Amino acid sequence: MTTVLALDYAAALIFALSGALAASRAQLDLVGFAFLASLTALGGGTIRDVLLDRNQVFWMADPTPLAIACGAAVVVFFTAHLLESRQMVLTWLDALALPIAVAAGVRAATELDQSVPIVLLMGVATGCFGGLLRDIVSNEVPLLIRPGKLYVTAALAGAGTALLSASLTSNPLVPVLACIAVTFVLRAGSLAYGWRLPAYKPRPPRS
Amino acid sequence: MTTVLALDYAAALIFALSGALAASRAQLDLVGFAFLASLTALGGGTIRDVLLDRNQVFWMADPTPLAIACGAAVVVFFTAHLLESRQMVLTWLDALALPIAVAAGVRAATELDQSVPIVLLMGVATGCFGGLLRDIVSNEVPLLIRPGKLYVTAALAGAGTALLSASLTSNPLVPVLACIAVTFVLRAGSLAYGWRLPAYKPRPPRS
Amino acid sequence: MTTVLALDYAAALIFALSGALAASRAQLDLVGFAFLASLTALGGGTIRDVLLDRNQVFWMADPTPLAIACGAAVVVFFTAHLLESRQMVLTWLDALALPIAVAAGVRAATELDQSVPIVLLMGVATGCFGGLLRDIVSNEVPLLIRPGKLYVTAALAGAGTALLSASLTSNPLVPVLACIAVTFVLRAGSLAYGWRLPAYKPRPPRS
C-alpha cells in the first residue's frame, strides 16, 4: 500500500467519525450519517485529485475509504449517545484528521513533482475542505473560520514542515510524521491553550 | 438519444423548476431565476461527470439541458405568484426530480463499468447535489438534512433497486423505472405520511 | 502573456482583496486572510478550468495568481482597520473584480472554440463563483442573491456584449473591454442608483 493511500485511509476514518457526529447533531438517520461521514472523509482528497488531474479520484480507484466512512457512520450512530459533548469530540476528531489529511495532500502533490506553492496548497486544501464541506452542508459555522483558533495556519505550518524536512532527509516517512506532529500540536495547542496568531483587530483610523 | 441523456433532460427540467422557485423566494430577477435554475438542474450531473472523468460534462457536449433550465426559469418567473405555497411546491418538485437524477447517475456509472459502490454513490451524488447546491446558495437549510425525512436514504434505496433489478432482467428500462419508483415512493411517503428510519436520538449516558 | 492570463491576474488581485476583507470581518489571522483571499481569487477560474477540462487549472500551471492573492491578503491584514466600512469596500471590490473575471471566462471559452451558450455560461461562472465561495465559506448571505441588485444579470450582459462585439471587430481587445465596461456599469449602477430588472413580486392568486 502506498503512503498516500495509507494516509487517505486514516484521514477518511477520523474525518468520517466527525462527519457522523455532525449528522447526529442534525438528527439524521443512518443513511444520513453515512452521507455526511463520506462527504467529510472523501471531500478534501477528492478536490485535491480533481485539481491535480490524477488518473482517478482516490476512492474510485479503490472504494475502501468509502467502506471505512460507512463503517464509521454505523459505529457513531449506535454510540454517539454515550458522549458527554458531541461538539467537543467532533472538534477534536477534526483536529486529529486535519494533520493526517494535510500529510496526504503534500505527499500526493510531491509524487506528481508539483512546485513548492502547489504542494503547500494541496496540503492545505486536502486538510481543510473535508471539514469545510461537512460544516457547510450541516449548516454550521465552519470550524475553519472560528476566530482566535489556528486552523489553516496549522495546516500550512505542517505542510511547510513536510517540505523542509524532505530536503533534510531521504527517509520518506520523516516529512509525513513531522507534518502530522506540527499540524496537530498547533491545532491542539490552539484548542486547549488558546494559542493563536495575532488576528485582525479593528482599530480607530489614524488621526 | 441515449437513456442517460433523456433522464438528464427530465431531471434538469424538474430541478430547474425547483431552483426557480427558490429564486422567487429570494426575490431575484429573471436572470437570477435562470442562474439558480441552471445551478440546480446541472449541479448534480456536473459533479458526477467531473468525478467519473467523462469525456465532457453532459451540458457542454449538448447545451439542451441549459436551454431547458432557462425555459423553466422563465415559466416560473411569470407564474410563481399563482402558487399558494411555493415552499411546498418546491419540496415536491425536488421529490420528483431526485428519483430521475438518481436513475441518471446509476445509469451513467453503469455504462462506464464502475464497481457496485461507485455506481451507488454516483446515483446518490447525481440525485442529491443539485438540490444541495440550490439550498446552500439560496441560504436555506438544505432539504437533505431536515430531520425525520427520507432523502439520501430514498436515493440510496433507489440506486440499490436499480442494481438489483439489472441483475434480474436484460431489459435496460426496468432498472431505470424501478429506481425512479422506489426513490419517489420512499421520498413521497416520507413527506406525506412521515415515513422514516429511526433517527439518532440522544439518550442519557449509561450510568 | 496571454490575454486570459492577464485578466486572471487582475481578477485574482481584486477578488483577493475582497476575500481578505471578508476574513477581516470574521476576525481571522493572517493565514486565514490568505486562505479566504485565495479561495475568492482562484475559485471562479478553477471551476471554469475544471469544467472546460483545460490542460491544467490556471494557477497550477503558473502560481503567480496565488502569490498575488497572498500579497493582497497581507496588505489588507495591515490596512483594513483604516477603512470606514469594510462591507462597502468589499462590495465595490467585488463589483470591480466581477467584470474582469467575466471577460476572462468568455475569453478562455472562446479560445477553446466553445459554442455560444457555453461561452456565456463560462463568463458568468468565472465571474460569479469566486465571490459565491467567499460568501458561503465566511457564512454571509451571498452578494449574488441579494434582492434588487444586478449581479448575474450584469455578468450575463457583459458576456453577451463580448460575443456581440467579437462578431463586429477583429481586434481581440474590443470584446474584452466592452465586456468589462458593460458588466461594471450595470453592477455599479445597481449599487449606486438602484438600477434593477423587475424582480419576482408575489401577487394574490387570481380569483
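Glycine is no exception: its Cβ is also placed from the backbone N, Cα and C atoms.
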* Structure fact -> In TrEMBL, of the candidate ranges C:9-28, C:149-168, the one given as transmembrane segment runs C:149-168
* Structure fact -> Residue counts for the domain 'Glycine transporter' (C:92-164) under DSSP, helix then strand then coil, are 58 helix, 0 strand, 15 coil
* Near the transmembrane segment (C:90-110), which same-chain residues lie under 8 Å Cβ to Cβ, leaving out any that are not at least 6 residues past its ends? -> 3-4, 7-8, 10-11, 14-15, 17-18, 21-22, 25, 44-45, 48-49, 52, 54, 118-120, 122-128, 130-131, 143, 151, 154-155, 158-159, 162-163, 166, 175-176, 179-184, 187-188, 191
